[in-house]
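When I checked TrEMBL for this same protein, it listed these features:
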- 22-169: domain 'HhH-GPD' (DOMAIN)
- Cys171, Cys178, Cys181, Cys187: [4Fe-4S] cluster binding site (BINDING)
Amino acid sequence: MPEARIELDYRTPLELLVAVILSAQCTDKRVNLVTPALFQRFPGAQAYAEARPEDVEPYIQTCGLYRAKAKNIVLAAQALVREHGAEVPRSRQALEQLPGVGHKTAGVVCIHLGGDTAFPVDTHVKRLANRLGFTRHAHPDKVELDLQALLPSERWMMGHQLLVWHGRRTCFARAPACERCTVAGLCPKLGVAKAKPAGASRART
């Protein structure tokens, strides 16, 4: 069983928060390439709070949506300094008040910092939950409620991370690798198109 930990590299709660903000529409691998220099340049919330978004942008410009992310990181840091003593809160509600921090991001930060319990729903979790028949919903908040009902709260972090792990390595959005899936015999494969037989010809019209 894979280790239930986030694949983003971080050493402090603030580094985790910043990395998760950067991971929106970006791979964890790409985020991990840019954060060492970013974290060295901005070692704490005060450093970000005193910066301009333009100061942050050069460090994250390969992450996508980097201008919006730089602005949100600076504004979030200013809010942390102003309202939380420069510390990252463990409350999901408090985290969601920070610029650039939505419901999913707040949930991810919480479960990895030992804060509020949550079952964050990203694109992988949503896809697998529907394919496995755990939910019929499309909205992430409703998917999360369905997943929470399946497991005790102490297993939500593990459940979240295993679905993310499996979605990245086996149950792809297109052409999932069902032939090497460890739960293929249990999966109803809802929404998965059946592959055409090799050599099948296209019907004439």
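Using N, Cα and C of the backbone, Cβ positions are placed for all residues, glycine too.
Unlike curated entries, TrEMBL annotations are predicted automatically.
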Note down the number of other Cβ atoms within 10 Å of the Cβ of Cys178 ([4Fe-4S] cluster binding site), including every protein chain shown.
14
An 8 Å radius from the center of the Cys171, Cys178, Cys181, Cys187 Cβ atoms defines the neighbourhood of the [4Fe-4S] cluster site; name the other residues of that chain inside it, in order.
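Going along the sequence, the neighbours come out as Arg131, Thr170, Pro176, Ala177, Val183, Ala184, Lys189, Val192.
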Relative to the Cβ of Cys171 ([4Fe-4S] cluster binding site), which residues of the same chain, six or more apart in sequence, are found under 8 Å away?
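Listed in sequence order, they are His124, Arg127, Leu128, Arg131, Ala177, Cys181.
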So, three-state DSSP: helix, strand or coil for Cys178 ([4Fe-4S] cluster binding site)?
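Reduced to three states, the DSSP call for Cys178 ([4Fe-4S] cluster binding site) is helix.
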Quick one: give me the count of other CB atoms within 10 A of the CB of Cys187 ([4Fe-4S] cluster binding site).
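Cys187 ([4Fe-4S] cluster binding site): 17 neighbouring Cβ atoms within 10 Å.
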Enter the number of other CB atoms within 10 angstroms of the CB of Cys181 ([4Fe-4S] cluster binding site).
16
Using DSSP, break the domain 'HhH-GPD' (22-169) down into helix, strand and coil residues and give each count.
99 helix, 0 strand, 49 coil
Note the mean pLDDT of the domain 'HhH-GPD' (22-169), expressed as a whole number.
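Its mean pLDDT is 97.
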